[in-house]
Amino acid sequence: MPTSPFIDDLIRDRRTKRGFLDQPVPIEMVKDILSVAKYTPSSSNTQPWRCYVLTGEARERVTTAAVEAYRGAPEGLKPEYSYFPEPLHEPYATRFNSFRGQLGDAEGCCRSDITGRRRYVERQFRFFDAPVGLIFTMDRRLEWASFICYGCFLQNIMLAAKGRGLDTCPQGLWSLQHPVLRTELNLPDDQMVVAGMSLGWADNSMAVNQMSMSRVELEEFTTFVHE
């Protein structure tokens, strides 16, 4: 049976990285990644994605504004869309709590460490020091099918980046920053913020970048129907 070890390895080896080296990414490399990702399939070829690439002064301006907005919102920021149900039910709650526990250990903060948790969120809004920040928007008049297409698009970006030696962190949390992004990027009112993504060269000396989350076995999420 023919296989594609390179593709398989890319999928298995891709990890979310939450700390990056102070090393620039050539803009041509970013263009190459997005030029490959544009071949993502979408429902009836609607291609719902729109991407903003932040580097240099623009990245600094947006991240500074985002951190200031977070610090100035003691009641919390409001997302563009509902992220998780409350309360989160099983089996998802167990998986979520396992991840949060490992992340807290790697970041050196527990769930009760409010200061440490806020410091982590601020790192998110600095793109974890990655030299490239990506912001993704979508026409808010579109429906759920377009979110499915968008997930495929984001995965292709991450795989294309990994194939070039780069790493990424997809960040739904950036949907909380839609007022800042609307101002800083002059987003049209019909565009909703779907997510952000950090892109760069991972700093693998960081404990948080040593995390490796488990996956459930095939039999737990697959039903084979023969008749």
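Placement of Cβ uses the backbone N, Cα and C atoms for every residue, glycine included.
Annotated FMN binding site per Swiss-Prot: R14, R15, T16, K17, R18, G172, L173, R215, in sequence order. A sphere of 10 angstroms centred on the C-beta of R15 (FMN binding site) encloses 18 other C-beta atoms. Following the DSSP three-state reduction, the secondary structure of R15 (FMN binding site) is coil.
S44 (NADP(+) binding site) falls within a helix when secondary structure is assigned with DSSP. Per Swiss-Prot, the feature NADP(+) binding site maps to S44.
Take the binding-site residues R14, K17, R18, R215: by the count of other Cβ atoms within 10 Å of each Cβ, the lowest one is R215.
If you count neighbouring Cβ atoms within 10 Å for each of the binding-site residues T16, S44, the highest count belongs to T16. G172 (FMN binding site) sits 25 Å from S44 (NADP(+) binding site), taking the Cα positions as reference. Note: L173 (FMN binding site) has non-local neighbours V121, Q124, F125, G196, i.e. same-chain residues 6+ apart with C-beta under 8 A of its own C-beta. Cα-Cα distance from K17 (FMN binding site) to S44 (NADP(+) binding site): 33 Å (rounded to the nearest whole number).
Between the C-alpha atoms of R215 (FMN binding site) and S44 (NADP(+) binding site), the distance comes to 32 Å.
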